[in-house]
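Read the structure below first, then the notes.
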Amino acid sequence: MQYNYRYNNSYWEYYRQFCKPGFDNPRKSVAHVLRDEDCPSMIVPSRPFLQRCFPDFITRNGTLTVANKTDFKDGLGKTRSVIDLRDAANGITSLLDAKEVGMKIFEDYASSWYWILIGLVITMVVSLAFILLLRFTAGVLLWLIIFGVIAVVGYGIWHCYWEFSTLRGKPHSDGDVTISDIGFQTDFRVYLQLSQTWLILMISLSVIEAVIIVILIFLRRRVRIAIALLEEGSRAIGYIMSTLFYPIITFVLLAICIAYWAVIAVFLASSGDAVYKVMSTQDKCMYANLTCDPETFSLTNVTTVCPGSQCTFAFYGGESLYHHYIFVLQLCNLLVFLWLVNFTIALGQCTLAGAFASYYWALKKPQDIPSCPLFSSFSRAVRYHTGSLAFGSLILALVQMFRIVLEYLDHKLKGAHNAFARFLICCLKCCFWCLEHFIKFMNRNAYIMMAIYGKSFCTSAKDAFFLLMRNVVRVAVLDKVTDFLLFLGKVLISGSVGVLAFFFFTRKIPVIQEEVPSLNYYWVPLLTVILGSYLIAHGFFNVYAMCVDTLFLCFCEDLERNDGSPLKPFYMSPQLHRILRREQGAKLYASS
């Protein structure tokens, strides 16, 4: 419904109630009224919702109407359907709902941040205690982890079955309602009233339980060898305790890299001069969207030709060659960011590998272990291996950059109907994903060989590759079993802290029930504690993973270089030597 500002008392007395207080000039032109925002350009019957006005939609004879009309004219004189107005109102409603949820989440963080920090500190203490215990009783603790996870998952299966059968047996319950029937709900407790939720959880936990048991049955001997390697790794970390705190240095360096990338990205996005464009209320204005100068705009004839036009800010930029290539510069900044992140991770891997290699190649432990092995390894990596680390990081960064470009192309092709292009992009994404993980694996082992022998990246990568190929069975089983055991440790620590946080935030602990803050969504601090706990445990256990990988390569190299004779003695510890003899004895028994 377009305004009619003719001097008519009946019209004016009606519309003036929607104008700004104090505005009483019915003879003012429409262009000036819209420019000065004295009155709205359109009036639609509305109803209050969340302290805001929304169009009042009415369905008459199956047709959606607003004030008994199915179409209207907007401020530019174009005819609009009431469907367009409804879609816009729905979009605003969704935005307001998202804003409301975001505000509630922010309130939950503001009232529970103190308890979240306490949960993360508990995780650090538990992780450190776990590692200290692992030094003395690695085998017992790891078997407890395995059976503990099996028991926890088994209890989860029983609990899910009990909840499922209880909901199914209740008359007039929500047991027959499915998840798709209720859609997405911010209150997750709604889903716990559905039997389908517990059925899905029970099936998922059953599959996980079956996979764990099958792995343990067929790889039990390799599990014992992996536990022995972890025991040796725990002894190495016991002699070089400073390695447990090296992840803090990596975290600081990564924070510097992220800050550097963010500052450069913001600088590029806001570089250049402010560009102003002519904004007109008339759709046929010849100067619309042309650049202008706000200081001299009032002196031009634009306001005469196009009444009500304004010179408003559009964006930062320019017409120079530099501004045409800002997107390319952003891509270069992203590539440098990936390069720096991978270099920081590579520096940490090479430093830890050098420290643990100095432990292994000490003939008499701990007498022959050099003093300050972590600092010495870090100094060697920075002084002698910076180029090699940068080269390996650049290769990985280029592959990651290609993956990002492919993700961008896949996002752009989502609305396209070219099936072949979508299939090709999907295949390329899969290939580059495999290539990235292979390069990460090879770089990790190349840095270990660099730390042992001090050779270049290419030579170290070649030596590591052929050494792993000559011991492919050990690599395929021992390394992955070790990763699996360390993953179980992370899950146990984060899961235990998560269960404690769940009982706390849901007021299930009577002793401190009064200390629990009032929350809108208890899952906000709960998920934060679980995710933070897993990341902290991951940082501690990454040191162990690097230790085991280094000792494993040193072990394989020791077997090829030495034979245990007085002229060529083994550098491995007596414990690893006993493991080797057991494995060789088992092979001889099997062959006979």
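Yeah, the Cβs are placed from backbone N, Cα and C, and that goes for glycine too.
What you see is a predicted model, and the numbers here were worked out from it, not measured in a lab.
Per TrEMBL, the features are:
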type	residues	note
TRANSMEM	113-133	transmembrane segment
TRANSMEM	140-158	transmembrane segment
TRANSMEM	198-219	transmembrane segment
TRANSMEM	244-269	transmembrane segment
TRANSMEM	384-406	transmembrane segment
TRANSMEM	418-435	transmembrane segment
TRANSMEM	484-507	transmembrane segment
TRANSMEM	519-541	transmembrane segment
Candidates 113-133, 140-158, 244-269, 484-507; stretch with most C-beta pairs under 8 Å toward the transmembrane segment (198-219)
140-158
As a test: from 113-133, 140-158, 244-269, pick the stretch that has the greatest number of Cβ pairs under 8 Å with the transmembrane segment (484-507).
113-133
Lying 6 or more residues past either end of the transmembrane segment (244-269) yet within Cβ distance under 8 Å of it, the residues of that chain are 128, 131, 237, 316, 326, 329-330, 333-334, 336-337, 340-341, 344-345, 347-348, 351-352, 374, 539-540, 542-543
What residues in the same chain, six or more past the boundaries of the transmembrane segment (113-133), come closer than 8 Å to it by Cβ-Cβ distance?
141, 234, 237, 244, 489, 493-494, 496-497, 500-501, 504-505, 517, 525, 528-529, 532-533, 536-537, 540-541, 544
